Amino acid sequence: MKAAGILTLIGCLVTGAESKIYTRCKLAKIFSRAGLDNYWGFSLGNWICMAYYESGYNTTAQTVLDDGSIDYGIFQINSFAWCRRGKLKENNHCHVACSALITDDLTDAIICARKIVKETQGMNYWQGWKKHCEGRDLSEWKKGCEVS
């Protein structure tokens, strides 16, 4: 686990992109405006909690996995299945370049995350969500934020 954290840090440094780390309430507003609250039955708290445990709200987070694939961005979306890194064996189900998932504009990341939830029938794709968010009271995640 420590190695994954170091690789994430290295990935952030290598990208050359300026990292943006959102606040919980700013993400709550963005996610709410994007229609994530209760998308496929998952409350806004689920999305905020998941993003925290996947990336620490860091838009440029990257984690290199043992199989050589890379998880990208605020939702840590994997290059093998969901985005295009330039390799021929990648599936690219979201029809998006992986580089589009590590920008401060979260539009492509949100569209892809919605697709993942829809196609995989839930949020089990994200290990951070399964370990820290699933089945818990997540009302605290949007507490104090100006969202309905």
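Sequential numbering from 1, following the chain as shown.
Placed from the backbone N, Cα and C atoms, the Cβ positions cover glycine too.
The feature active site is assigned by Swiss-Prot to GLU54 (among others). Look at GLU54 (active site): DSSP puts it in a helix.
Taking a C-beta cut-off of under 8 angstroms and a sequence separation of 6 or more, ASP71 (active site) has the following same-chain neighbours: GLU54, ALA61, GLN62, THR63, LEU65, ILE77, ASN78, SER79. In three-state terms derived from DSSP, ASP71 (active site) belongs to an extended strand segment. The feature active site is assigned by Swiss-Prot to ASP71 (among others), with sequence analysis given as support.
Residues or ranges marked as disulfide bond by Swiss-Prot: CYS25-CYS145 (among others). Under DSSP, CYS25 (disulfide bond) is assigned to a helix (H, G or I) in the three-state scheme. Close to CYS25 (disulfide bond) in the fold, though at least 6 residues off in sequence, lie LYS142, GLY144, CYS145, GLU146, VAL147, each with a CB less than 8 Å from its CB.
According to its DSSP assignment, CYS49 (disulfide bond) is helical. In sequence order, TRP129, HIS132, CYS133, ARG136, LEU138, TRP141 make up the list of same-chain residues 6 or more apart from CYS49 (disulfide bond) whose Cβ falls under 8 Å from its Cβ. Look at Swiss-Prot and you will find CYS49-CYS133 (among others) tagged as disulfide bond, backed by sequence analysis.
Residues or ranges marked as disulfide bond by Swiss-Prot: CYS83-CYS98 (among others). Summarising the environment of CYS98 (disulfide bond), the number of other Cβ atoms within 10 Å of its Cβ, over all protein chains shown, is 26.
Among the features that Swiss-Prot reports, disulfide bond is placed at CYS94-CYS112 (among others), with the record citing sequence analysis. A helical conformation is recorded for CYS112 (disulfide bond) in the three-state DSSP classification.
As annotated by Swiss-Prot, domain 'C-type lysozyme' applies to 20-148, with the evidence given as sequence analysis.
Annotation source Swiss-Prot lists N-linked glycosylation site at ASN58, citing sequence analysis. Cβ contacts within 10 Å of ASN58 (N-linked glycosylation site), excluding its own Cβ and spanning all protein chains shown: 20.
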Next item on the list: Please name which of the recorded positions listed here, ASN58, CYS94, CYS112, is nearest in space to CYS83 (disulfide bond), Cα against Cα.
Entry: CYS94
Check: Which whole-number mean pLDDT does the model give the domain 'C-type lysozyme' (20-148)?
Finding: 95
